[in-house]
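**Student:** Could you have a look at this structure, given as structure tokens, before my questions?
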Amino acid sequence: CGSGDGSGSGDAIECERDSCRKYGGSWDEDMEDDRCVCDYTCGTVPQNLVCGSDGVAYANECELKKSRCEKRQDIYVASQGPCQGVPTLPSSSPELLHCSKTVYGCCPDNMTLALGVGSAGCPSTCHCNPYGSYGGSCDPSIGQCSCKPGVGGLKCDRCEPGFWNFRGIITDRKSGCT
């Protein structure tokens, strides 16, 4: 792609098709306009907040993949839970966008981006267990921290029924209760 040899529009269509498939889309020859179909049905996927490499927090990995397909950009999961620090503008601009200039503003620390009204998604507003939660993020309206797999409780401080070895998260660096 992009060889510039001027051999016709067929090459451009092939490039577009390859780009579509590279980012998770399917190519539909029968479509009139945009032949790249990003058919991701994420509404039924449970919410499990992830931070994308583009600095955007997504409800789950499915939403991230859908965005990657629609934007045709290399976006990957940078971390579990909300994005920490200030988000960046799209890669075409190296400037930083301070959280105070975003829709929901800043967390009480005046640095972390709030993910919703009432400081939703802000770290430490719920005093989450640092071992059982993802980055101490929580929903302050109900006081529920974002727990690792098999971990439960408002503060993510114990294993869910049927799971055990909370101490293993600390001593053996497990990703959650087993």
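Glycine too: its Cβ is placed from the backbone N, Cα and C atoms.
Caution: TrEMBL annotation is automatic and unverified by curators.
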**Student:** Consult TrEMBL and report which candidate among Cys138, Cys156 shares a disulfide bond with Cys147.
**Tutor:** Cys156
**Student:** Of Cys107, Cys138, which cysteine does TrEMBL list as the disulfide partner of Cys126?
**Tutor:** Cys138
**Student:** Looking at the disulfide-bonded residues Cys145, Cys147, which sits with the largest number of other Cβ atoms within 10 Å of its Cβ?
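**Tutor:** Output for this query is Cys145.
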**Student:** Across the domain 'Kazal-like' (37-85), what does the pLDDT come to on average, as a whole number?
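**Tutor:** Its mean pLDDT is 86.
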**Student:** If you count other CB atoms within 10 A of each CB, which of Cys126, Cys128, Cys138 wins among these disulfide-bonded residues?
**Tutor:** Cys138
**Student:** Fill in the CA-CA distance, Cys138 (disulfide bond) to Cys128 (disulfide bond), as an integer in Å.
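**Tutor:** On Cα coordinates alone, these residues lie 8 Å apart.
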**Student:** Give me the non-local Cβ neighbours of Cys156 (disulfide bond): same chain, 6+ apart in sequence, Cβ-Cβ under 8 Å, ordered along the sequence.
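**Tutor:** Within the chain, Cys156 (disulfide bond) has Cβ neighbours under 8 Å at Cys128, Asn129, Gly132, Ser133, Cys145, Ser146, Cys147, Lys148.
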